[in-house]
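Beneath this line is the structure, given in structure tokens, with notes to follow.
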Amino acid sequence: MPFDSSLLFQVTFWADLLRLIIPATGETLYMVAASTVFAYLLGLPLGIILVVTSPGHIMPNPWVERTLGTLVNILRSAPFIILLVALIPFTKSVVGTSIGTTAAIVPLVISAAPFVARVVESSLKEVPYGVIEAALSMGASPKQIIQKVLLPEAKASLILGVAITTISVIGYTAMAGTVGGGGLGDLAIQYGYSRFRTDIMIVTVVILVVIVQIIQSLGTALARKLTH
Amino acid sequence: MIQINQLVKKYSSRQGTIIAIDNVSLNILQGAIYGIIGLSGAGKSTLVRCLNLLEKPTSGQVVVAGQDLTKLSNRELRQARQNIGMIFQHFYLLQSRTVAENIAFPLEIAGVPKKEISIRVKELLHLVGLEDKSSAYPAQLSGGQKQRVGIARALATKPQVLLCDEATSALDPQTTLSILNLLRDINQKLGLTIVMITHEMKVVKEICTDVAVIHEARIVENGPVESVFIKPQSDIARQFISTVFPNELPADLLKELSTHRDSEIVRIQFLGSRASDPIITDLLRTCDVRANILYGSIDHLRSTLFGTLTLELLGNPAQLKEAHRYLASRELKVEVIQHAL
Ligand SMILES: Nc1ncnc2c1ncn2[C@@H]1O[C@H](COP(=O)(O)OP(=O)(O)OP(=O)(O)O)[C@@H](O)[C@H]1O
Ligand SMILES: [Mg+2]
């Protein structure tokens, strides 16, 4: 009985591929999820402050608005790759190391948070000011307006913002991967680029495309469900 | 209920300073439906927004239910605002909440317990006739229904005052009437004081007890609706009145009539029970004049009748004088539009 070498080759090929791809995908998902969550923990309050302190809003404060706005702009204009390097000492002091997946989350958060602030700001600005005035006329406090008017009224738009942010964080994780952050980006560079494994390159790209598609579809569907 | 004393509101910008409210004083009594009418840009919205301090006056006092709002702290002002409901031309409902949840909103703000909220919301839905729409979202409602939700929401905390900024301007005439009727009912049932901002004299004619005419940031005249309609003091008031009671005669007709000898044109206005008296017959019987009816109208001013009659009276000077004496004795308002030759 002739030995089917091509079958064996295929089995080992796929086993080999999966051995690399599965953990890399896991790392990417971990980085994306953690970065997005922390970016929102910082960016959401920042976005809210940018809106409510803007002229003519519920707590106008030009000084706060301009200072935070400038900070956000500076962070957003710094190229990610530079931030990645510049933040190494800071990262070390926060997570104890500057290499690895967890360490990559620090620069990812620092670069995504100002982006989140702007995305949140633009969502909250879509709420017609008349609705806010109606709430003011009922005696609502600034805190109540934020909790009961701004955030719930902008919910659908905020969800779309989360999808946009997550997707752009995926792009950045690929970059973070190149400096030892792990994940699919790292894999694509190490095998696909440096070792000419075009197959690995293609598989990583396909997985990234699928992840992006899923997140966007989820975001759109959820936003539609929340729009009345 | 509301006293406005020497209110001034200025807006400063790079282009200069705009005086939107120029030294306005008004006294609005408990239970009144007080109309404030003016052309676009006259300052109506600014004035009404000063009444709950959505707009901070530059100077002057706004006293509502005995409290000078301009002297309150932020917390006290929020408390005071729960006693002043407001409805808007564009409704401004929360799109993410159902009708019932929208009505519950001011009660949540006021910290009313959940159980009480649901009872109160039911009452309000009944009051505005929207029981069947309680779980609909604003996007599924017509303009009139949205304004009903706005009214229910504004009344939720049982305020003593309701401010309406062009509350019917986005609605068709039929729906406007139904909303005005609802407001009148509420005014009577709850003894609520209502301030109605509008640019339509029709609204004033329909439900207001008092009216102030605002023009270029100033109140040019104010008083009970009947007296302003019968004896307008300003051109702007006359213009507004003519939009609901047109009484200008065509120019070519006036010209033709002016050639008649021993004839004058008078306009007679009458109010209330006078409107149902047989004036013309009595006039012709008592005085030896002849009359030619040029124009007549009769309509409601709120619930009282208000009529206008334009007549050409024919007779010699003595007879015409006699006719005037007779009309005056009947307490009718007579205006000579064109004197006898
Ligand atoms: N926030 C503002 N900043 C600067 N000027 C303002 C502001 N609000 C109103 N004005 C000016 O004040 C004047 C009165 O405006 P207001 O909105 O009170 O008029 P209005 O009588 O309500 O008119 P409309 O019937 O068109 O609503 C206008 O000249 C307007 O341009
Ligand atoms: Mg206005």
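Even glycines carry a Cβ here, placed using N, Cα and C.
Here the structure is a predicted model, which means the values were calculated and not measured.
Noted in TrEMBL for the protein shown:
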type     : residues  : note
DOMAIN   : A:25-219  : domain 'ABC transmembrane type-1'
TRANSMEM : A:29-52   : transmembrane segment
TRANSMEM : A:73-91   : transmembrane segment
TRANSMEM : A:97-117  : transmembrane segment
TRANSMEM : A:158-180 : transmembrane segment
TRANSMEM : A:200-223 : transmembrane segment
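Just going by CB pairs under 8 A, the stretch in A:29-52, A:73-91, A:158-180 that sits most against the transmembrane segment (A:97-117) is A:29-52. Proximity of distant same-chain residues to the transmembrane segment (A:73-91), defined by a Cβ-Cβ separation under 8 Å and at least 6 residues beyond the stretch ends, is recorded for 97-98, 103, 106-107, 110-111, 113-115, 118, 172, 175-176, 179. Here the transmembrane segment (A:29-52) has long-range neighbours at 58-59, 64-65, 68-69, 72, 101-102, 104-105, 108-109, 112-121, 123-125, 142, 146, 150, 162, 165-166, 169-170, 172-173, 176, 181-183, 211, meaning same-chain residues at least 6 beyond its ends whose C-beta is under 8 angstroms from one of its own.
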